[in-house]
Amino acid sequence: MQSALYRILDANLDRAREGLRVIEEWCRFGLNDVALTERCKYWRQELAHWHQAELRAARNTPDDPGTDLTHPNEATRGSIEQVLQVNFCRVEEALRVLEEYGKVYRADMASAVKQMRYQVYTLESHLMTVHRRQVLDSAALYLVTSPSENLFSTVEAALKGGLGLVQYRDKEADDATRFQNAQKLRELCRDYGALFIVNDRVDLALAVDADGVHLGQDDMPFAWARQMLGQHKLIGRSTHSPEQLKAAIAEGADYVGVGPVYETPTKAGRPAAGLEYVKYAAEHCSIPWYAIGGIDTQNIHEVLGAGAQRVSVVRAIMQAEQPTFVTQFFIAQLEQKRRFQPQSTPDPWEA
Ligand SMILES: Cc1ncc(COP(=O)(O)OP(=O)(O)O)c(N)n1
Ligand SMILES: Cc1nc(C(=O)O)sc1CCOP(=O)(O)O
Ligand SMILES: [Mg+2]
């Protein structure tokens, strides 16, 4: 019995330390964050302190049936986000095992490991938020989906073209279908390191662990959504006028839609806010903003000319014959614009 207990503790101390090392490398080389790097190192050292000789001596690798068990999913990782998620999961599980079996071994170890597990959850949440903001910052093109037989292949084609931000928008499907579609898109985006946003529905966003939700002026109040989603998820807001833009910034939106730039059948009946509103946003908006509405490969130059550095489209990609190619075209135009006209950061209270 004691030998089994020691082997469990030995294996999980190793597992937790290895996972922490993977996370630590990202804090160090990916984020250049000294404090977080040191925090991970400190946890590793604390675990090393509990990893006593008696536990190591119980190790019996040749007889361990677990060493040959690998899941096919372990062979590949779609993105750094996935690497981090898998390793956070590994560390948290190992810490839980150490806590439970540690109660039989040493109560002081069990309670130290419990505290560590809570702190690791906090780090995970923080890193995912930092990651989301970094991807949002760099995502100049935003695809809003429309119902399509080719939903997944079109979105994947756009992701292959370098798309970094996807919104699932479906006003027709029943909830079961929406849930299934959102789940698949969530996975697809994760594989490509893109952010995944759900239109209108906070419940659906939570159910599939989306990166956030997009709310229009007639959707759920912003404060409710924030309360349900917490501080770590993104909330985008549609705006159609300077007043709405100012309000969205004040309520804490992470990004805004600015439009419709042109009238569009995708949002029939909504009058165009026009290029004038794009110019206003370019001068006054202090948070990431996406020009939207009727934008295609023919008129994007006008929109960029009015000051947009990010655009959001539905039909231009969802109905494209070659979504990868169209995505690459948009991104190239946007990158060129960003290179020659770096984003200014107006006073946040000026809008
Ligand atoms: C990026 C982006 N901007 C605007 C909208 C429109 O949102 P809303 O006004 O709520 O209209 P619906 O999309 O819900 O019909 C959007 N979805 N995305
Ligand atoms: C969903 C949506 N919201 C808009 C807004 O102005 O808030 S315009 C729009 C539709 C954009 O579709 P397309 O690229 O096909 O014109
Ligand atoms: Mg809406």
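In case you wondered, yes, glycine gets a Cβ from its N, Cα and C as well.
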Further 4-amino-2-methyl-5-(diphosphooxymethyl)pyrimidine ligand in TrEMBL, beside Gln167, Tyr168, Arg169, Asp170, Lys171, Asn199, Lys267, within candidate set Ser238, Ser241, Ser286:
Ser238
Is any of Tyr168, Lys171, Asp200, Asp219, Ser238, Lys267 (binding-site residues) within Cβ reach of ligand 3, i.e. under 6 A, and which?
Asp200, Asp219
Identify which of the following binding-site residues, namely Tyr168, Asn199, Asp219, Ser238, place a Cβ less than 6 Å away from any atom of ligand 1, and list them by sequence position.
Asn199, Asp219, Ser238
Going along the chain, which residues six or more apart from Lys171 (4-amino-2-methyl-5-(diphosphooxymethyl)pyrimidine binding site) have their CB under 8 A from its CB?
none
Which number gives the other C-beta atoms within 10 angstroms of the C-beta of Asn199 (4-amino-2-methyl-5-(diphosphooxymethyl)pyrimidine binding site), all protein chains shown included?
22
Tell me the Cβ neighbour count for Lys267 (4-amino-2-methyl-5-(diphosphooxymethyl)pyrimidine binding site), meaning other Cβ atoms within 10 Å of its Cβ, over all protein chains shown.
17
